[in-house]
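S.K.: Structure provided below as structure tokens; questions to follow.
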Amino acid sequence: MKKIPVLLMGCGGVGRHLLQHIVSCRSLHAKMGVHIRVIGVCDSKSLVAPMDVLKEELNDELLSEVCLIKSTGSALSKLGALEKGGYRVVHDSELSTETEEIAKLLGKSTGLAVVDCSASMETIEILMKAVDLGCCIVLANKKPVTSTLEHYDKLALHPRFIRHESTVGAGLPVIASLNRIISSGDPVHRIVGSLSGTLGYVMSELEDGKPLSQVVQAAKKLGYTEPDPRDDLGGMDVARKGLILARLLGKRIIMDSIKIESLYPEEMGPGLMSVDDFLHNGIVKLDQNIEERVKKASSKGCVLRYVCVIEGSSVQVGIREVSKDSPLGRLRGSDNIVKIYSRCYKEQPLVIQGAGAGNDTTAAGVLADIIDLQDLFH
């Protein structure tokens with residue numbers, strides 16, 4: 001049985017679903033000759049790990065308890081009562097040091113997959129050290145691969161040791177497909193994608209004549225948006241995904257070089273207007289402009305889509321008019337779609353489409369990435 005030790009950073013929605021997938025897939029993985037050893041789970045304040053990470057692991061009962069505790073919004077420190085049962089809980093100031101010690105212990109011996117399912121910049125330092133220690137890296141967190149070029153170069157130095165499929169399109173095989181095209185020597189010259197399930201939903205709902213304010217409020221109630229919908233409407237999430245794809249193509253660009261069209265003006269930004277004020281007073285003022293753009297597009301047989309376009313050294317993110325009959329124009333709901341144009345896919349691009357959001361789907365992509373690393377473990 002091939003064993004893959006895993007240290008999970010981040011136990012929010014995606015992290016919890018990942019642990020649930022690992023537990024529920026035990027029999028499937030056993031048939032594949034693989035066993036995932038979860039030897040540590042940490043949130044922003046605590047780490048739970050077995051007393052001996054070389055020989056022991058967090059059993060499935062404890063992993064289920066972790067998921068239950070985190071689903072209530074509590075910290076992992078609630079597991080402190082279990083320390084006498086062969087597990088230990090490390091808190092606050094010792095968290096980073098202990099995480100690094102585990103990486104040192106396992107990185108050079110049995111190997112270790114450090115999995116980042118957080119949404120934090122604070123994990124980058126630990127990831128950099130993990131790379132130096134020979135650990136594998138699996139990411140759902142987009143921030144490490146959209147940070148400085150120095151950080152990116154270090155993570156990408158050994159491409160066989162890093163997997164980050166779920167940073168773009170959740171569980172969709174966007175990065176894997178792109179890597180296959182690149183490694184075959186087929187030059188990619190253009191990528192066009194609708195990369196936000198939230199904005200995909202908003203744009204398709206606008207087609208039916210609904211005002212932007214109503215659509216966004218409905219999306220928030222359905223749980224499609226962040227607590228502050230402006231985190232989606234500002235386009236930064238799409239820009240990060242565009243930056244990841246551009247860097248895969250070898251573009252030496254940073255976030256500041258990406259042209260981003262926000263759906264709200266600066267004077268309605270988080271620092272100047274509360275969430276409630278924006279939802280009840282601010283966004284209503286944007287309805288007329290968007291309605292006029294929808295009607296103008298419709299008169300040409302087009303619809304509006306919020307897309308990312310990568311071409312040459314340029315990455316642009318914003319609203320575009322697309323034909324109703326095109327793959328982008330037919331997109332409905334929260335699905336993602338990516339079109340890749342290359343020498344081989346010149347006239348008819350490679351089109352990848354499907355559910356591009358959701359904790360369950362994203363976690364499934366992360367688990368697939370972990371299993372894909374199995375050849376690097378004993």
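Backbone N, Cα and C define each Cβ position, glycine as well.
Okay, these came from TrEMBL:
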- GLY10, CYS11, GLY12, GLY13, VAL14, GLY15: NADP(+) binding site (BINDING)
- LYS142: NADPH binding site (BINDING)
- 173-371: domain 'Homoserine dehydrogenase catalytic' (DOMAIN)
- GLU226: L-homoserine binding site (BINDING)
- LYS241: active site, proton donor (ACT_SITE)
S.K.: Please name the residue among the binding-site residues GLY10, GLY12, GLY13, GLY15 whose C-beta has the most neighbouring C-beta atoms within 10 angstroms.
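M.R.: Answer by Cβ density within 10 Å: GLY15.
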S.K.: Out of LYS142, GLU226, LYS241, the recorded positions in the record, which is closest to GLY15 (NADP(+) binding site) when you go by Cα distance?
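M.R.: Spatially nearest to GLY15 (NADP(+) binding site) by Cα position is LYS142.
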S.K.: Work through the recorded positions one by one (CYS11, VAL14, LYS142, LYS241) and point out the residue whose CB has the fewest other CB atoms within 10 angstroms.
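M.R.: Looking at the recorded positions CYS11, VAL14, LYS142, LYS241, the Cβ with the fewest others within 10 Å is that of LYS142.
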S.K.: At the level of the C-alpha atoms, what whole-angstrom distance separates the residue listed as 'L-homoserine binding site' and VAL14 (NADP(+) binding site)?
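M.R.: Spelling it out, the Cα of the residue listed as 'L-homoserine binding site' and the Cα of VAL14 (NADP(+) binding site) are 14 Å apart.
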S.K.: Given the binding-site residues GLY10, CYS11, GLY12, GLY13, find the one whose Cα is closest in space to the Cα of the residue listed as 'NADPH binding site'.
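M.R.: Closest recorded candidate to the residue listed as 'NADPH binding site' by Cα: GLY10.
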S.K.: Reported as an integer number of Å, what is the Cα distance between the residue listed as 'active site, proton donor' and GLY13 (NADP(+) binding site)?
M.R.: 20
S.K.: If you count Cβ atoms within 10 Å of the Cβ of GLU226 (L-homoserine binding site), leaving out that atom itself, what do you get?
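M.R.: GLU226 (L-homoserine binding site): 15 neighbouring Cβ atoms within 10 Å.
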S.K.: Looking at the domain 'Homoserine dehydrogenase catalytic' (173-371) alone, can you tell me the average pLDDT?
M.R.: 94
